[in-house]
């Protein structure tokens, strides 16, 4: 428990240390000049998880790692890479966990089927409550 | 002494809860109904004792008593008094004490003020409330004692998470907790009614004010929490689909469904089993939320306590209460008649569809929140976040909004399709106007969900006012006003959300003092960077002068703060509110060559999100006051009538 606390404190203080030691990555907080490309990058960033934070995308995180990833994504987009290709590269590097966008992997099928299942089940129950038209 | 007194009060309260449960059990099941007379005083005493224990913990925090472990780990003598005060519940033990306090006080309120319920059901309800409280007392006393001492006492404490040192946070958790735990009353009502087999319209009318009260507080708590995240996290986001946010959203969704089904039960004496089921689900969701947050099982900003032992404890409680209530439901539901089926075109049907869609959204949020846990058990780590929830729950929520226009415009019992269509004409025209305007000026530039959101928002706004059409506004009952304002609030909030996603302009720059930045019609002059100090932090502050269209310039002061204890940097965004939106300026890190990162957002109409949330709560409050007042008036008139006869 104490070890965990120390680790947590270290993690919290890391950005502060980084602040004085290293300048942020070039495109961490600098937009691409072309608004269309920036929009593409931004859309992708919103679906990439910040690995050192808790439940935040890299698009809204102060962590230095999120800044590095933002910079990388912007640079790759400027180099003409497609967002889905960058996502695949990130997933290969950090695992499925890094992407908030649920993939089409079999383990996620129930997640996509859930809405249809719930709606279908609900409608079935509701139908029983409603009077049939007298013909 | 204060800590010992607090612990004693807690033990006494726990014993009284046990006594309360025993009295109800023996009184109702054993047929010794004279014992039941003692239940209400015991419930009131129990509520007072929990309140005393909580007040004593607050005292310890305000005095910075460093011989108490909880104060040491969560407070610091240099903190402003407001955060010493708020620090009482900004931690695991304190928040669980707040939980049992709210539960105890709610139980006392049910004992004192509930008059509409039949006596046996009332007693069974108080028994249910005591049973739930008891589990949480055991949890507090054996696994999370907030009054534990530390020897030797350290010189000073470790401080509170700086993110939590914010005025908004002094009131957001207690409001949310009042709502969360307020739903325990609905749960106990359901259990009580199942035990005595008295589920009917009178039961629904008795339960409704409690549900409304909890729902109003939940709405306020969620709205406040969202605004807190918006300005405190410094990236302009207002909802992150974070597990802890979901944990507060799920009880709200269930309570919203319950609110509507309880109205069907009160008005038409139908949906009995379903309403009871929803009451059980609503508080179960509160408990599931607490489990998710308190166990730290889902890592998130809010999970202060990472402790599996406590997690297991809450999981066992969860199993006992939810399992017990569902078993009771399964056992007794056969005795609850459902009533006659509905006509297809009737308000009942609309409310059933409302319940269906809310339940589906609830189910999706639940499964989406828990799914990563499930796959992790199979050794596959995945993330489920905004892309899933937006895409799946978004369209269903929009469908729900359409039903929201239809419901109030449809008559109870039976209506004609053509009549409903005629009443829908004006809202539809309003929606069509937005549709055509947006299609002409913004086609292809904004996403499909914000696009539909704006169209439906205006249709709902117009449609929500339709029930007032051609009515004498002064004679319209207060609860009708409540419904109209709450529905209008949904439209306002939806419009804010859609505007924020569709029209926000983002500008990230690295600027030197003296530089000018132009964005979204605003001119920002970055004047200087100065160091400043607060009570327990130091900060760099940027002075930014902003103006729009040659207007008088305004100074904004975004800060980058550094808290010493515990050492944490935070950003304090500067916000400038105008009638048509907010300018949001954040000071980031130092870039190269004396330049500083500035993050600037112009967010058109974003404030509507929280204004809408506030209107929804206000509508709820009007409905609550309206119903209660009508009850008093009817009673008063009845008494006058009997006096006149006599």
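From the backbone N, Cα and C atoms, a Cβ is placed for every residue, glycine too.
In TrEMBL, the feature transmembrane segment is placed on B:125-144, out of the ranges B:125-144, B:145-164. TrEMBL tags one of the stretches B:231-248, B:249-266, B:501-518 as transmembrane segment, and that stretch is B:249-266.
Taking the domain 'Cytochrome c assembly protein' (B:89-295) as a whole, pLDDT averages 90 in the prediction. Using a cut-off of 8 Å between Cβ atoms, the transmembrane segment (B:125-144) and the transmembrane segment (B:605-625) share fewer than three residue pairs, counting only pairs 6 or more apart in sequence. Here the transmembrane segment (B:424-442) has Cβ contacts under 8 Å with residues 405-406, 409, 451, 454-463, 466, 502 of the same chain, all six or more residues outside its ends. Cβ atoms under 8 Å from those of the transmembrane segment (B:605-625) belong to residues 209, 212-213, 215-216, 219-220, 222-223, 226-227, 238, 478-479, 481-497, 499-500, 503-504, 577, 580-582 of the same chain, restricted to positions at least 6 beyond its ends.
With a cut-off of 8 Å between Cβ atoms, the residues of this chain six or more beyond the transmembrane segment (B:313-331) that come close are 131-132, 135-136, 139, 143, 187, 190-191, 194-195, 273, 276-277, 280, 284, 287-288, 290-291, 294-295.
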